[in-house]
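Colleague: Provided herewith is a single structure, encoded as structure tokens, for subsequent inquiry.
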């Protein structure tokens with residue numbers, strides 16, 4: 001499949017060609033397979049069809065609030081027989097990244113129980129940050145003398161944290177003030193896809209507060225950044241980007257991720273990116289010859 | 001006083017000239033007069049001397065967690081007889097800004113009780129955001145159906161909020177998703193001056209999380225931005241920037257603020273900006289002819 005083509009509307013002929021020329025299919029989940037609890041029509045059928053054709057499927061999600069096992073269970077509940085190792089979620093990814101750099105220290109983790117589960121499964125020590133740590137409801141100031149800091153923290157990890165608090169940001173920024181402390185972020189999505197009118201802050205929103213307070217920049221692991229693909233290749237060395245399709249709904253994460261890794265990219269209009277927005281990007285790319293990272297090879301309604 | 005001079009080390013002769021040529025003195029507080037509870041030697045004596053000489057003094061602080069009355073009481077406690085109207089704090093400033101634009105709607109305010117006090121004193125209605133609003137400590141997800149949103153919110157205000165939470169960021173971002181909702185920030189200081197090794201996140205850290213989640217940019221009221229000087233001039237029309245000295249410890253806020261308003265600026269090395277850092281900035285300005293906003297006219301140890 002030529003990666004010179006871009007934004008081509010997918011026809012039946014293209015679909016056949018995509019199927020013949022590739023053996024690995026990476027799917028984003030939210031906005032592509034479902035807007036939970038609503039599962040998109042035909043999504044599960046497509047996954048089962050591809051699997052029956054002998055294709056290898058991975059589910060590549062920036063969501064850090066669930067483990068591989070959580071996701072596998074969800075897939076099994078809705079009719080696709082997924083194995084945990086098919087789930088490339090950022091909680092698992094963070095553990096794999098630390099393992100790959102032979103990290104042996106302690107982590108302060110702003111995130112949910114999923115992070116604790118995946119990190120501890122790889123023997124990584126967590127000292128604080130997970131769960132609620134609020135200021136007393138009637139407090140009008142912070143007494144830093146009453147706060148406890150672990151002198152052995154070597155790494156601060158910023159994930160989606162529904163229990164984010166001033167004290168937690170303070171602790172993260174204070175640890176990051178030690179020059180040798182590693183700074184990782186699961187991902188930097190600004191918000192989460194929502195079916196109602198609320199704006200759900202993403203991991204990028206939590207991360208911004210820590211970046212601002214600490215004046216430090218993290219290594220970001222999730223899409224569109226390379227560590228996510230590196231982790232797949234480390235676990236499955238025979239995955240060939242040239243014979244891989246990345247299917248997603250967000251150009252900034254999914255499509256940029258696939259393009260940068262040399263995969264064929266397919267954008268679906270069921271989620272974050274509208275056809276109108278894609279057309280704007282396409283016009284900009286044609287006029288200004290800017291980088292084409294955000295443009296998918298194919299798109300489909 | 002020529003504003004062509006910059007980074008001149010203050011001598012006794014300069015001091016006399018500053019005193020003769022100016023009638024208004026704007027003081028930043030933290031890092032200039034005190035690192036509370038430690039009051040800097042000579043600070044109160046200087047304030048009393050200037051007042052005895054018939055000079056007009058204002059205390060210009062980005063701190064939004066205290067009211068004019070709170071600050072006046074602090075000054076009185078430590079030996080300077082300050083009137084509340086001499087305190088230009090950002091809680092007061094926010095109320096004055098809304099008054100100046102004849103704002104008559106409802107505000108969602110991420111901030112402390114000081115914000116409520118100053119806004120309500122000007123008859124401005126607050127609907128939510130002040131105080132604790134955490135997710136239940138054992139919760140692993142947000143149920144947006146259980147959240148209440150006020151349909152009449154016209155303005156979101158971001159200040160230093162020690163009770164920041166995911167739910168509060170979510171609410172702020174959701175309100176800001178309404179295109180006509182005004183977005184104000186008291187200030188964007190990344191961190192607060194600290195006497196110990198902790199990094200205390202500033203209002204800018206809280207603000208970053210909301211900016212990221214909402215994809216909107218606020219009007220920022222505090223130093224180095226113009227609304228702070230506008231509020232002084234509105235309340236005291238005879239203040240002449242050409243006969244005003246701004247004394248501060250942080251080049252990015254205090255000195256940039258004074259320079260942009262046409263005041264004479266004096267940097268003290270008792271707080272955020274070191275002599276070494278100032279020298280670096282001076283060399284950069286000389287080499288690259290970049291803007292000289294950050295360079296004070298005078299500096300003093």
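Even glycines carry a Cβ here, placed using N, Cα and C.
Just so you know, TrEMBL annotations are computer predictions that nobody has curated.
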Colleague: Quick check on the annotation: TrEMBL has B:28, B:30 binding Mg(2+), so which of B:240, B:249 does it put in that site too?
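Modeller: Between B:240, B:249, TrEMBL records just one in the Mg(2+) site with B:28, B:30, namely B:249.
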Colleague: Compare the Cα of residue B:223 (substrate binding site) against each of the binding-site residues B:28, B:30, B:249 and report the nearest.
Modeller: B:28
Colleague: Just how many other Cβ atoms lie inside 10 Å of the Cβ on residue B:28 (Mg(2+) binding site)?
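Modeller: So the Cβ neighbour count for residue B:28 (Mg(2+) binding site) comes to 26.
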Colleague: Long-range neighbours only, meaning 6 or more apart in sequence with Cβ under 8 Å: which ones does residue B:30 (Mg(2+) binding site) have?
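Modeller: The list for residue B:30 (Mg(2+) binding site) reads B:36, B:61, B:63, B:192, B:193, B:249, B:271, given in order along the sequence.
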Colleague: Counting every protein chain present, what is the number of Cβ atoms, excluding its own, within 10 Å of the Cβ of residue B:223 (substrate binding site)?
Modeller: 31
Colleague: Apart from B:28, B:30, B:249, which residues in this chain have a Cβ no more than 8 Å from the mean position of the Cβ atoms of those residues at the Mg(2+) site?
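Modeller: Near the Mg(2+) site, beyond B:28, B:30, B:249, sit B:29, B:31, B:32, B:33, B:61, B:193, B:248, B:250, B:254, B:271, B:272.
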Colleague: Let me know how many other Cβ atoms fall within 10 Å of the Cβ of residue B:249 (Mg(2+) binding site).
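Modeller: Result for residue B:249 (Mg(2+) binding site): 22 neighbouring Cβ atoms inside 10 Å.
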